[in-house]
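Asks: Pulled from TrEMBL, these are the listed features:
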- 60-74: compositional bias 'Basic and acidic residues' (COMPBIAS)
- 4-27: domain 'C2H2-type' (DOMAIN)
- 32-62: domain 'C2H2-type' (DOMAIN)
- 54-89: region 'Disordered' (REGION)
Amino acid sequence: EKPFPCAHCGMSFRTTTTRNNHVRLVHKIKAYSCLTCGEQFNRQDKLRKHLIINEGHTQMNEEKSASDSLNKEEIIDEDPMNEQPGPSR
């Protein structure tokens, strides 16, 4: 059974991890954004590298994150990648 469909192409997967990897690699979804300049990245480590290279961005991102007052669970709940299982194809 493959209860986790891709919202972009409809292909189904056994786990959310496999589906999320598919979306990231095949559909080039960039889920991580610099809050300072808006540049987007498909991996969190690439965003961290960007923040290290652009030191001023790190402080501004931290200030914006603190003022947003969203906790990790709320961010995960708002992520469309964390949808509930759907019908298999």
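Just so you know, glycine gets a Cβ as well, placed from its N, Cα and C.
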Asks: If we skip the immediate neighbours and take only residues 6+ beyond the ends of the domain 'C2H2-type' (32-62), which ones have a Cβ under 8 Å from one of its Cβ atoms?
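Replies: Residues 24 contact the domain 'C2H2-type' (32-62) from elsewhere in the chain.
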Asks: Can you work out the mean pLDDT of the predicted model over the domain 'C2H2-type' (32-62)?
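Replies: That region's mean pLDDT is 85.
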Asks: Looking only at the domain 'C2H2-type' (32-62), how are its residues distributed among DSSP helix, strand and coil?
Replies: 18 helix, 4 strand, 9 coil
Asks: What are the helix, strand and coil residue counts for the domain 'C2H2-type' (4-27) according to DSSP?
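Replies: Counts, helix then strand then coil: 11 helix, 4 strand, 9 coil.
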